[in-house]
Amino acid sequence: MEKSEKKPMRFSFRRRPKSVSVDRSEAHAADVSIGQYLEKLNYVSQEEAIKIDQELFSEYAYSVDQLMELAGLSVATAVAKSYPRGPMPKGGTVLVCCGPGNNGGDGLVCARHLKLFGYEPSVFYPKQSNKPLFQNLTKQCQEMEVPFLSFLPDSQLVSDSYNLVVDALFGFSFKPPVRPEFNDVMDKLKKVKIPVVSIDIPSGWDVETGGDADSLQPECLVSLTAPKRCSRNFKGRFHWLGGRFVPPALAAKYELNLPPYPGTDCCLLLTPPPS
């Protein structure tokens, strides 16, 4: 028998037939008012936040650096949406104040992404961790020429030199009062005359009840994974939800009732845009 001659393989680039149904649920969700979701949104307790984190690491096999990267990127994106680089004076300067824990790691990731977004971040990281993860995050910033401050200037100099401050000092595991070595830092941040963006929890706040009249009052808050109970008392201009990594089954288990993120965005504005 003669071997049949092989025909060259051809690829078709024709348009999809009009009769094919396309799922537009995500696009539709972006158009739906956020208000209807806020009524059901679950503001989690400190205990719930800890359990959710533990399950992300164990049941869902996330690593700390994975979640930190996604969280820090969402914070940087929320900053860019709230305070666009274009019209920003002072060369787009931003001061990122990092604490010794995972919240500080989120801040380091945020600083790196802000640099990539065209801002000029500086980092104040007074109590650096000796863990490899944090040392790597620090080196990544340094290799991208993000300067690290050896001390925190007074409030007026910070206000004159920077456009805004990212507060990455303490996260949802914090329990008042503030440790003595951070009292001076907190006092200076409370007195700055530029916007403060807090990551997950305004530093110094009780995770359940919030802060008092003497507490840090950020203009922008980026809640991660799910908003914490204290954020009900947030009165600033921008409240974002970030950290788009919660598996649907986990969200259902804790009845988080998270609103759908628009399109491919990694952060979602929970408050109406200021006029």
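Backbone N, Cα and C atoms are what each Cβ position is placed from, and that goes for glycine too.
Keep in mind the model is a prediction, meaning the values are calculated, not measured.
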Field: Same-site residue for K(+) (record: Swiss-Prot; known: D167, S203; options: N42, N102, N103)
entry: N103
- request: Have a look through D154, D160, D200, D212 and flag the one Swiss-Prot assigns to the (6S)-NADPHX site that N102, N103, G104, G105, D106, G171, F172, S173, F174, K175, P176, P177 belong to.
  value: D200
Statement: Residues near D167 (K(+) binding site) by Cβ (under 8 Å) yet at least 6 apart in sequence within the same chain, in sequence order, are C97, L189, V196, V197, S198, I199, P202, S203, L216, P218
- line: N103 (K(+) binding site) sits from F174 ((6S)-NADPHX binding site) (Cα to Cα, rounded, in Å) at a distance of 10
Cβ neighbour count within 10 Å of S203 (K(+) binding site): 27
